[in-house]
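Below: one structure, written as structure tokens.
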């Protein structure tokens with residue numbers, strides 16, 4: 001997934017328009033497959049609905065899309081870009097310095113977005129495959145729901161299996177396919193609307209408000225739980241800002257919105273014209289002439305796959321950002337594409353696959369999945385509203401205006417949350433359990449890092465310059481390596497982790513010409529790549545601080561190569577000639593990276609709650625990427641040393657020598 005050129009961020013182009021259709025609108029664009037079906041089924045079936053119910057339902061959909069998707073996300077949230085990047089974690093990095101507790105909505109919003117993403121592929125692909133039930137030549141096969149489940153699972157297996165290869169060339173087809181999809185939605189919806197053109201009266205919000213309080217609405221205000229299905233993809237629209245640019249979203253959204261609304265109007269008109277067609281039919285597929293049904297099912301399946309692909313890729317991006325912000329475990333990541341936007345995280349991929357397939361097997365039909373869908377994303381939207389309010393205050397918008405906006409969207413999304421909360425007992429508990437599990441892991445990881453930062457023992461490097469210099473010239477010890485590089489998470493000024501000096505001096509002393517201490521600082525900007533060097537008045541100690549954006553890969557060896565060359569050219573680092581080398585012009589000696597595998601000991605003197613957090617973090621750490629992979633050191637010379645995580649000077653436990661008194665005979 002390529003990122004938009006920053007110079008064209010606010011501009012729109014024909015190519016950008018098509019790309020946006022393939023990346024941004026998959027989720028919201030496939031909602032017509034199941035939203036109207038959910039509304040009708042909750043009312044008792046096609047034969048039970050009235051014209052006022054259809055008008056009210058379409059009106060609620062139109063105004064939900066207008067208020068939440070258009071106003072909140074397209075017009076307001078897209079302004080909250082972090083150096084042209086969007087999404088809840090990008091928004092968090094913009095405002096996190098305002099108050100520490102903003103980590104709470106960021107963690108909750110990220111976890112619920114990730115958990116809801118596991119349900120989306122299940123419901124969209126199942127809905128598309130169920131369309132085969134109305135294909136005359138295939139009805140005898142797919143009327144059996146077991147065959148629908150088998151086909152859905154097969155598609156999902158293929159989808160998740162190819163993630164490791166990246167989207168590559170096939171990704172270029174997503175935009176044109178989705179253009180055809182939206183064109184079909186608009187045209188078919190318009191043609192079906194001619195049967196009952198009064199459906200266009202639904203643009204008047206009166207019909208929606210009337211339905212909410214009408215006795216013929218069997219669900220009452222809880223009908224909004226089904227209405228919300230129409231706008232679940234709004235958060236993904238904001239998350240993909242960096243991939244397509246603000247200008248292309250502004251231009252493409254009106255086209256998408258009109259196509260979606262026409263589809264709902266067309267389905268509504270068909271229902272009014274065919275009230276005796278049967279309660280089990282999906283209005284979306286039933287409204288298509290039978291000779292085109294097979295083609296539409298194929299197109300719908302492709303659209304569902306593209307929507308699922310966008311959400312899976314979005315999940316990888318979301319987790320990558322959280323890992324670099326140090327609020328999520330550092331799982332192994334690979335980069336199958338040629339650009340920074342394509343990330344593949346095996347653990348997350350197969351976690352999502354397991355959850356998605358389990359949901360298909362548990363709920364079996366798209367109707368049952370819809371009953372669980374949307375609950376978590378309402379929480380994500382509420383968390384985004386909180387963070388967005390702080391962003392607007394930071395930008396100088398009047399507090400009164402921000403408060404009004406926060407109250408308006410808070411109440412609106414709060415109502416949708418309450419309406420969706422009824423889904424908890426109908427399957428919504430699944431995504432809530434997943435979200436709570438993710439939140440638990442994020443809290444453990446975040447709190448564990450804070451505990452280490454608070455208690456870990458640091459030493460002043462200046463106090464050890466003399467010892468390091470003496471070791472360099474001590475002929476009793478053989479040269480360990482020309483350059484020894486320590487990667488540290490903790491370096492504050494001249495203070496470094498005690499474990500590092502323990503490794504150099506207290507174990508077998510590591511004699512080297514140059515000692516490197518490298519620390520990575522993640523910046524609030526997404527694509528920063530800068531460094532600072534402090535040699536502490538020597539030519540044998542190099543402190544390097546790498547400033548990398550939260551979307552940048554932390555491949556230390558490649559950055560260090562550039563830094564070494566620049567230090568040699570400036571004369572700050574003495575040339576290190578090699579006697580033996582295939583490169584006669586080589587100016588630098590060999591490098592050995594030392595990775596310290598810090599192990600927490602339960603004997604550390606911590607409070608019970610802190611001990612629990614550290615023990616849990618140690619358990620989670622077994623599943624994470626090794627530092628060698630995380631820092632891109634697979635092809636470098638690396639030594640991994642197991643060291644204790646030193647919080648305080650470990651005092652010996654109290655013990656007394658047992659002295660036996662001996663008696664001597666008289």
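Glycine residues also receive a Cβ, built from the backbone N, Cα and C atoms like all the rest.
Residues or ranges marked as transmembrane segment by Swiss-Prot: 16-36 (among others).
Same-chain residues lying 6+ beyond the ends of the transmembrane segment (58-78) with a Cβ under 8 Å from its Cβ atoms: 28, 35, 86, 91, 199, 202-208, 211-212, 223-224, 227-228, 230-231, 234-235, 237-238, 241, 246, 249-250, 253, 257, 260-261, 264-265, 268, 381, 384-385, 388, 392, 405, 409, 412-413. The transmembrane segment feature in Swiss-Prot is assigned to 58-78 (among others).
According to Swiss-Prot, the feature transmembrane segment maps to 99-119 (among others).
What Swiss-Prot records for 141-161 (among others) is transmembrane segment. Outside the transmembrane segment (141-161) by six or more residues, the chain places 121-122, 125-126, 129-130, 132-133, 135, 301, 305, 308-309, 312, 349-350, 352-353, 356-357, 360-361, 364-365 with a CB less than 8 A from a CB of the stretch.
Counting only same-chain residues 6+ beyond the ends of the transmembrane segment (167-187), those with a CB under 8 A from a CB of the stretch are 1, 18-23, 25-26, 29, 32, 255-256, 258-260, 262-263, 296, 299-300, 302-303, 306, 309-310, 313, 336-337, 342. Feature annotation from Swiss-Prot assigns transmembrane segment to 167-187 (among others); the stated evidence is sequence analysis.
Summarising the annotation, Swiss-Prot assigns transmembrane segment to 221-241 (among others).
Taken from Swiss-Prot, the feature transmembrane segment applies to 253-273 (among others), supported by sequence analysis.
Annotation comment: Swiss-Prot describes 292-312 (among others) as transmembrane segment.
Positions annotated as transmembrane segment by Swiss-Prot, on the basis of sequence analysis: 343-363 (among others).
Per Swiss-Prot, the feature transmembrane segment maps to 373-393 (among others). Listed as Cβ neighbours of the transmembrane segment (373-393) (distance under 8 Å, sequence separation of 6 or more from its ends, same chain) are residues 68, 72, 76-77, 80, 88, 91-92, 94-95, 98-99, 102, 105-106, 108-109, 112-113, 115-116, 119-120, 123, 225, 228-229, 232, 234-235, 238, 399, 401-403, 405-406, 409-410, 413-414, 416-417, 420-421, 423-424, 428, 431-432, 434-435.
Sequence annotations record features per position, and here Swiss-Prot assigns transmembrane segment to 402-422 (among others) based on sequence analysis.
Positions annotated as transmembrane segment by Swiss-Prot, on the basis of sequence analysis: 424-444 (among others).
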Candidates 16-36, 99-119, 253-273, 402-422, 424-444; stretch with most C-beta pairs under 8 Å toward the transmembrane segment (343-363): 99-119
Contact call for the transmembrane segment (221-241) against the transmembrane segment (424-444), three or more Cβ pairs under 8 Å: no
Stretch in 16-36, 99-119, 253-273, 424-444 most in contact with the transmembrane segment (292-312), if contact is a CB pair under 8 A: 16-36
